[in-house]
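For 52-56, 105-111, Asp134, Ala231, Gly288, His338, Asp401, the entry in TrEMBL reads (6S)-NADPHX binding site. Annotation source TrEMBL lists K(+) binding site at Asn53, Asp101, Ser137. Annotated AMP binding site per TrEMBL: Lys371, Gly372, His373, Asp374, Thr375, Gly400, in sequence order. Residues annotated as domain 'YjeF N-terminal' in TrEMBL: 3-191. If you look up TrEMBL, you'll see 196-455 marked as domain 'YjeF C-terminal'.
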Amino acid sequence: MLVLNAQQCIMAESCSGICVDTLIKRAGAAVAKEIISRFLKQKVLVLCGPGNNGKDGYVVANLLQSEGWHVKVMHYSSTVDGCDVISEENLKQDDSLLIVDAIFGTGLTRPIYGSLLNAINYINNSNKTVVSIDIPSGINSDTGEIMGIALVSHLTVTFSYLKLGHVISPGRYCSGEVYIADIGLKYNESTVYHNSPLLWREHLPKFNYQSNKYSRGYAVVCSVGNKSVGASKLAATSALRAGAGVVTIACDKNAMSIYASSLTAIMYKLYDDVIDDHRITAVLIGPGCGISECVKERTIKALSKKNCIIDADSISVFYGSHEILFSYIKNNVIMTPHEGEFKRIFPYLTGSALERAKKASLISKAVIVLKGHDTIIASPDGRVSINNSSYSTLATMGSGDVLSGIITGFVSCGMDPFFAACCGVWVHSECGKKYTYGLIADDIVMQIPVVLSAFY
């Protein structure tokens, strides 16, 4: 599902060949229809702003009134005849429990302040239901930022496409349920997507009766030392659960006995004995490896493989020498940093997470998975996906190792790295959805086949 910025919204409208007045009528009609279908007939207060969003609001008010609803309109400016100005004092005198927010749309660029800020704050602290037109007033459509203050909506009716402010925090938390109404806009120039199965479902690995364990995919998880072997085991098990036919942990001699005592479906071999196996289709390095010259050397070696996933310590080990890391990226590579790891190898990048991930992908020539409240997946070819379905339960030790393992499993099966990363992030999030409390990384691993079974 495409996601547009404010400028692309303008272009979509201008390229549609539909006059502005018609678009306003269609938008207002779509909002009115959604309100009538969802709510009992009642008193409704419509808050209108100075632009086209406000004009949408007037259409909504007229249509609801024609259907027998008791409608009152307040306006942003006191110069509009017959309308009270939007203020805390006037809001306190109104007993409507349903509010239609048509104050500001996607064009807002300046912070809200003064009496309007106080009015919005009053609404947010009331028990009134808010339906926003296009985007909640106060949300920056391009960044999801709150511009001084923003209405917290229960429902947002937007038009033809999602906007960045709907899917990036904190805008996504203010948008409530987002309903997309088709008003005839067509735009195909965006390369930013909302991460969902619609994006990557058709790219999932497909197996048939002729498949064997090696043809399904051979993933290797590189381990260094014997200190944090749990991270490697979590990643390896996740890769196997995600579909890899064979998974081997390439380890050092001093860790062999540890893996031997706990692994069953996963093989373990000495690093030097396995890393050059021509059957390998994906290599993961980083989880639990530590910071050392050995880790740096093995990461560079892993980058010579057809598909490589770099996580955790294999990112941090290049702090101060990121140019060396980037110089070895020639094939399909995915890097999965959290914010701290990202800053170690891209200390000079500024801007939003979306902007920084896009720049980092172009600089490094790797698919970047910038993990956070809103995980951004950016490809060197310009494609970007925003995943906003994560759950707080996933903030637990080992969770990132599971994610890198899931992605490795998909890549080993032949998935395009960008789609593998998008799918892996979504599956990881869905696994977290299954628990409300007490989730540990091992639980995420066990949920992987449960989540994936919906697609097979």
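First residue shown is number 1, and so on along the chain.
Glycine is treated like the rest: Cβ placed from N, Cα and C.
Automatic prediction, not curation, is the source of TrEMBL annotations.
Structural mapping of features recorded in TrEMBL.
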residue: Asn52; record: (6S)-NADPHX binding site; Cβ within 10 Å: 20
residue: Lys55; record: (6S)-NADPHX binding site; Cβ within 10 Å: 21
residue: Asp101; record: K(+) binding site; Cβ within 10 Å: 29
residue: Thr106; record: (6S)-NADPHX binding site; Cβ within 10 Å: 25
residue: Asp134; record: (6S)-NADPHX binding site; Cβ within 10 Å: 27
residue: Ser137; record: K(+) binding site; Cβ within 10 Å: 29
residue: Lys371; record: AMP binding site; Cβ within 10 Å: 25
residue: Gly372; record: AMP binding site; Cβ within 10 Å: 15
residue: His373; record: AMP binding site; Cβ within 10 Å: 14
residue: Asp374; record: AMP binding site; Cβ within 10 Å: 22
One of the binding-site residues Asp101, Ser137, Gly372 has its Cα closest to the Cα of Lys55 ((6S)-NADPHX binding site), namely Asp101
Least surrounded among the binding-site residues, given as Asn53, Thr109, Thr375, when other CB atoms within 10 Å are counted: Thr109
DSSP three-state assignment (helix, strand or coil) for Asn52 ((6S)-NADPHX binding site): helix
Would you pick out, from the binding-site residues His338, Gly400, the residue whose Cβ has the largest number of other Cβ atoms within 10 Å? Gly400
For Thr106 ((6S)-NADPHX binding site) and Gly372 (AMP binding site), the CA-to-CA distance in whole Å is 25
Which residues, in sequence order, are found in the same chain with Cβ within 8 Å of the centroid defined by the Cβ atoms of Lys371, Gly372, His373, Asp374, Thr375, Gly400 at the AMP site, excluding those residues themselves? His338, Leu370, Ile376, Asn387, Ser390
Under a three-state DSSP reduction, the secondary structure at Gly400 (AMP binding site) is helix
Widest Cα span across the AMP binders Lys371, Gly372, His373, Asp374, Thr375, Gly400, in Å? 14
Residue among binding-site residues Asn53, Asp101, Gly372, Gly400 with Cα closest to the Cα of Thr109 ((6S)-NADPHX binding site): Asn53
Where the distance is taken from Cα to Cα, which of the binding-site residues Asn52, Asp101, Asp134, Ser137, His338 turns out closest to Asp374 (AMP binding site)? His338
For the domain 'YjeF C-terminal' (196-455), what's the mean pLDDT in this predicted model? 96
Beyond Asn53, Asp101, Ser137, what residues of that chain have CB atoms within 8 A of the centre of the K(+) site's CB atoms? Leu47, Gly49, Gly54, Gly57, Ala102, Ile103, Phe104, Gly105, Ser132, Ile133, Asp134, Ile135, Pro136, Leu151
Sequence-ordered, the binding-site residues among Asn53, Ser137, His338 whose CA is within 10 A of the CA of Gly372 (AMP binding site) come to His338
